Amino acid sequence: MIDYKINEILVKQLNDDYNCSICVDPVLNSLPLEQHQALSCKNGHLLCQACWGKQLALRKECCICKIKVESISELCRNIFLEKGFRNKKVHCPNGFENFKVDEKLIKDESDGCKSVITIDQLESHLRECEFVFIECPNDPIRCKDKFRKNQTDKHMNKCQYVTINCEHCKEPVIKNDMPTHIENDCSIISLECEFCKDKFGRRSLENHIANECPNVVIDCPHKEGGCTARIKRCYLSQHLTEEDNHIRYMQKIIEKHRIQVEESDRIIKKLRVDYKELEKRVEITSRYKGNWTIENWSQKLTHYPNNERLKSPYFCIGSKSFYVGLYPNGFNQTNAGFMSIFLHLYEKPSTSTTVVRFSFELLHSDPTKSLKFEKSNKYTENKGSGFSQFIDIKMINNFIIDGKLTINIDVEVIPPSSSLVTK
């Protein structure tokens, strides 16, 4: 739809009471109407919202009477004037051409909408009006036509970009592309075989030449066994009957295939062995799974007061060495009454970072009641990471089995990620 202002489609011009004192246009001059208001200062001087915005940006006063106006919210809304404006009659904007001459709308007397409605009815009318200009629904990029909505059927009958079915193969094709489709793509159009001169559909022709045409020259099927003959397909049976050495050619082919199968089997078996070995290596260099059993737990609980730890044996993941530190009576006074447990990376301080995902699982005689916590951490030096309050000491007796405490340890070193940049 062409751009327009409401004062361009009025049946009768408005008197000055409805106009802005600065731009002289109606204060309500565009849709949607609910976004516009008739606003005046306390002395009744009326401006449109756009002009009020510009005026208050320059000076906080009415440009006519100079009364102070700090913001739009201080202005008065003239609802009586708005109601009168909404009752004014206008022509439907779809009653005009979709272009202007000398910045003026041109009435379309033959094909345009003839409706005359109130300004208040305008928006609802436009939602249903069949005279609105639309773009081609087939291909608005290639088809530049614009037409009224009620003329869609007429346009579709002549549009070169409508999709139609090929009369031969029934495939959907854009009308403008139909000659190219018939020339190059249609599978039903009959084409002549260059060898036997019979006619076939394009799709059938390819199969005919590859597998059926009697005049196509082909290799002997025993070429792989040593037969170098090339004959027309129609003479193939005769060739195979007359040549008594084809059994020897077949034996050569069979033997060659047997050797290839044996070699393939050997390679597959080796790949399976190599794969299993690589799986083991990857597991060793990136992950450790095991358990740490602490015997005589009750004695340990007595002999290791708060802030003193038990230290597990070292275990390695690739070149990294780790150990677990366990505080039976808690790490420092804050965590007294709890068992604390930490994973330590044992290496000299380094600028590189080792990212580790790990878990500790305290085993219960009933596996469904085992206690497990997991965590991730970035290590740059020999500092522990873990759980200061892993379990309340009062509850730990439920996990003692034959005087032993067993902890499952699962530690995985996450490979570092890197960004590659080319300048």
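Along the chain as shown, the residues are counted starting at 1.
In case you wondered, yes, glycine gets a Cβ from its N, Cα and C as well.
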Problem set entry | Annotated stretch (zinc finger, per Swiss-Prot) among the listed ranges 124-179, 292-347 | 124-179
Exercise. What is the pLDDT of the zinc finger (20-66) when averaged and given as a whole number?
Worked result: 88
Exercise. Per DSSP, what is the residue tally for the domain 'MATH' (287-411) in helix, strand and coil?
Worked result: 20 helix, 64 strand, 41 coil
Exercise. Mind checking how the zinc finger (20-66) divides into helix, strand and coil residues in DSSP?
Worked result: 13 helix, 6 strand, 28 coil
Exercise. Under the DSSP assignment, what numbers of helix, strand and coil residues are found in the zinc finger (124-179)?
Worked result: 20 helix, 12 strand, 24 coil
